[in-house]
Structure formats: structure tokens, C-alpha cells
Amino acid sequence: MTIIYFILAALALGILVLIHELGHLVVAKAVGMAVESFSIGFGPALFKKRIGGIEYRIGCIPFGGYVRIRGMERTKEKGEKGKIDSVYDIPQGFFSKSPWKRILVLVAGPLANILLAVLAFSILYMNGGRSKNYSDCSKVVGWVHPVLQAEGLLPGDEILTCNGKPYVGDKDMLTTSLLEGHLNLEIKRPGYLTVPSKEFAIDVEFDPTKFGVPCSGASYLLYGNQVPLTKNSPMENSELRPNDRFVWMDGTLLFSMAQISQILNESYAFVKVARNDKIFFSRQPRVLASVLHYTPYLRNELIDTQYEAGLKGKWSSLYTLPYVINSYGYIEGELTAIDPESPLPQPQERLQLGDRILAIDGTPVSGSVDILRLVQNHRVSIIVQQMSPQELEEVNSRDADKRFIASYHSEDLLQILNHLGESHPVEVAGPYRLLDPVQPRPWIDVYSSESLDKQLEVAKKIKNKDKQRYYLERLDAEKQKPSLGISLKDLKVRYNPSPVVMLSNITKESLITLKALVTGHLSPQWLSGPVGIVQVLHTGWSVGFSEVLFWIGLISMNLAVLNLLPIPVLDGGYILLCLWEIVTRRRLNMKIVERILVPFTFLLIIFFIFLTFQDLFRFFG
């Protein structure tokens, strides 16, 4: 099937080129220009045939095409009465026609691509649009960069506007910050659990070339049976069911996989605390006792507690909380790091004198012995939501945010949370279930050696030594990262904007990309050439016809915008020359024109080769 998809992808690209060149051909003939050849592809011809004075050919390099019109590329030509000195005097030549007729011919190619895009998007619209992951078009934030989080933006917040414009998805924030260097966001915080709903705004300087991606969209974290749990998964005995959605972990409402990864990789204990008549949860750092400053008395007390807890490990590997905790679990003081230049991780809320620890990682404790024993290993507390068939149905993207926010049922969740850490917790409330605490395992212990071997084989194929070393270093670090050994997916939504909206959005994105390239905010290495386009179309065919229609429309529209740019060699460059003739009412000096065209032709070829090599490098690693 892969070969079939590749053939279909190449065919789709050929159609895009054919439509563009056909636009030039039809209008050129209509205004009386003599067309010498019509080619799909460049280089030596694989097939050619002359029909009606026009040589139709298919080149051996299939990425592109051209229409050769008489007199367009020559300064001198022989006519019936001898040598013709000017391209303007060539019968039926390109320059023999008025500038307005030439502009019609030049515009016809991009216009044909625009019409193809309109057709593709219209069929897509009438067919109901395409399926996208909810996170791709979510106004709700799933993950936030620390720079924005410090300004008050949190996961779960709904963004209303970005720099004065309606917010559609995380791509808006990335492109806006890329071009303008700052973000002005109007935000709505829904009333999750006991948090009151409110609206507010932030204004912050943000450079994605320095900080990276500002945020990502919220996602349903759904467990399906398509990818079964691995044999050594920590979740193997957790009674997880198909269509369970992860909604809460260690005191955090979940909106993205990034949050889960952060919770697993941070060395924190989930602590239930009593302070006077108030009970609350707080994530507290688990730190090695060897990095804390103890008086001899406190050190001996901790060693005694270690003995009572049955912990036989060395002092250098003993974990604890950075507090002085008496035998009943009360906080009697706070400990500091031995090395002031290596500060301790910050707690979610600092514990105070007289606070009492009631539970660690969802397990009740009676005193310091239980506390010390439980903090040696982090076990995550997880609440899942069993999704009903109605909740799994695909909805229109316009209604998706409202449904997502409403899917967190505070009353049922609070029933479980209010009794968490007790000897008889509430394990089920409405669609929610509290799973038994789960201890993550290192990735290397969860997944088979075959998975590691496959990734090592991928690394060996990377030709660039620096990138290969970076990949291997990342792989080595990933091996030890805590994992639940589970694959979670997002829900699909139906994305079906009108063809006009699609055309407008793609045009804006194309111009934004070009602006980012010119200003240096975007590297050319992120662009795709013909090989990349074929690869994208190949992926589209493997997903479905709707996806192919979208990519054909998008690429066709991008081709139209690109060709209309006022750059010599492109259609837009020739249009600019024609407009110059109209304004000045003087013929062009073809020698000067050629001097302008030659270097730009050379640069275009170099750029084309660069993009092709970039595509091949990405494709083959």
C-alpha cells in the first residue's frame, strides 16, 4: 500500500503543476501568443509529442513544469523577412502583446491554482470537513511555557484573544510571538473544582527563537485498547478499562501529556496536610537526606526512624522531606541544603510549624516512620473518567471547547478528592474512579529491549555525527525516565470551516511564513520542497480522501501565493515588469532584464536543491 500511496502522492503533485501550467497555456493561446512547448517536469523528456504546433512533454524530473512561449526567453529571433532585433517584434511572441495581455497570461497560472484550491475546499466542506485531534484546534491551554505561567497563564485556561485578534489555536500564539515578539492575551479561567471562574489579561515579551513554543492545546488523555499495555507496565494491575480518560494526577487536573510527564519526572511526594481546621494537598520535594543540613541530634533521630521503618539502604540513598517531622507526623521545623548554591526544589506550598502530615501519595500515615518509608518511592495517585459513547462522538470544532470544559464534573471529582488519603476512601463517584497508587518504572524496565534496539538502529542510520550523538544522548537519558508504560490518545473533532475561511487562513499563514523568513525569525531548514510535499500527500492518502483534499487545496494555494511574489523569474516578477511598462510607457531593456533574471534563476535553483536535500535528509534520517 505504501507504494500505491506514493504513486498517488506523486500524481497529486503532478496535477497541481498541470493545473498551474494549463492556466498559462489556455490564456496564452486565447490572447494570440504562440506556445512552443508545454512540459510537466524538467530535464530530458521521458515522453514528448507535437500536437498543433505545441510540443507536449513529460520531463524526467517530475517536480515542476513550464510553458515556453515564443519570444519569452530570447533577445533575437529570425522572422520571415530576416533577423528580428527586438523581442517586441516577434510575431505572436510574448512581448509582442500588450502588457495587460501579458499580465493575464501570468496571472492565469496562480489563478488556476486558486480555483483548484476553491474546488478542493468546497468538496471538503460539502463532505463534512476533516477529522483533527482536539488539541490542534483547542482554545484551552494544555501546556504552558514557564515564562507565561509566571505571568498567570495556567493549563486549563481558555484564551479568548491573542494580540487583539480572536484566538483559534496554539499556532496563533506561536506565529504572533514569532512576528511581534510579545503576547497580549485575554484569558478566561473556567471554574474547575473549587477555583472561581474569572477573566483577566496578560502582556509579556516572548521570543520563541529563544524560549521555544509558548504553549500547546489541551488534549483528551484517553486510553484505548488499540495499543495494549506493555507486559511490564506499572498500570498492568490497575484495572484500567478501554475509554478511560486520565483527568487528575497528584493534585493536578490533567490537560496534556506534558503535565503527566512533568509529574512523573519531578521528584515530589503528594502530601495530605492538616493545618488547624483546614485540610489540603501539596506536592512536596523528595530529597536525599545527604544534601540536607542536620544537627547531630536530628541526624541520629532520622537514623532511628530509618531503622524502625525497616530501611536498610545507605544514608546517601535515603529520601526524605526537607522538614523536621516528629514521631506523630507534625512539622517542627524546616531543613536547608548543605550547599547554598544548590537550592532545594520549591514545594507547592511550604509546610508550617504545627502542620500534620496525614497521607503520602494517597496512603494514610500515622507518623514519621510511615512517612519516611513511603517517600522512598513515588507512587502517583490517578483518577480516571469512563467516557460514555455519547462523549466519544465526534463534534464540530466550534463546540469542542465548550464540551471539553464541561467534561470536568466538579461535584463527582470532589467526592473522591475530599476522602483521598483516608483509610476508607471514596473510590467511585459518577463516571470517575480512583485507581490504586501506581509506582512508575524506568523506561528501560517497561519496554522490551526490541524497542531500544529499533531506536539504536535509527540512530546508526543518522549520517550527521552531531545529530547522531545528540539522538543517542537523548535516548540514554530517556531510558531512565519514569514511565507508566501506557499510550494515550486524543479525541477527534470535526473541523469544517467554509472554503473562504480556509483560503483566507492559508494566505495569511503563507504571508506570515514569508515575513518570518525575511526577518530571520524562521530558518529555511523548516521549509519543505517537492520531496516533502510528496511525503505529506503520501501521509494524506494513508489517512483518507478528506485529508488529501485538504493538502491539495493548501499546497495549491501556497503555490499561487508563492508564484505571485514580486520576485524575478516567478510570475509575480514578470507582472511587476509589465506594470513598470504601463507606468513608464516605455519598453523594457531586455539586456537589463536578463542581467536581473540570471542571478535570480541561479538562486532559485540553489534554493530548490537546498530544499530537496533537506527533504531527503529528513526522510532518510
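Note that Cβ sites are derived from N, Cα and C of the backbone, with glycine treated the same way.
Listed ranges 542-559, 596-613; the one Swiss-Prot annotates as transmembrane segment is 596-613. Annotated range for transmembrane segment in Swiss-Prot, selecting from 9-31, 561-583: 561-583. When Cβ-Cβ distances below 8 Å are used as the criterion, the transmembrane segment (561-583) is approached by residues 20, 99-100, 102-103, 106-107, 109-110, 113, 506-507, 510-511, 514, 593, 596-597, 600-601, 604 of the same chain, each at least six residues removed from its ends. If you draw a 10 Å sphere around the CB of HIS20 (Zn(2+) binding site), it holds 26 other CB atoms from the protein chains shown.
In three-state terms derived from DSSP, HIS24 (Zn(2+) binding site) belongs to a helical segment. Note: GLU21 (active site) has non-local neighbours PHE38, SER39, ILE40, GLY65, TYR66, VAL67, GLY109, i.e. same-chain residues 6+ apart with C-beta under 8 A of its own C-beta.
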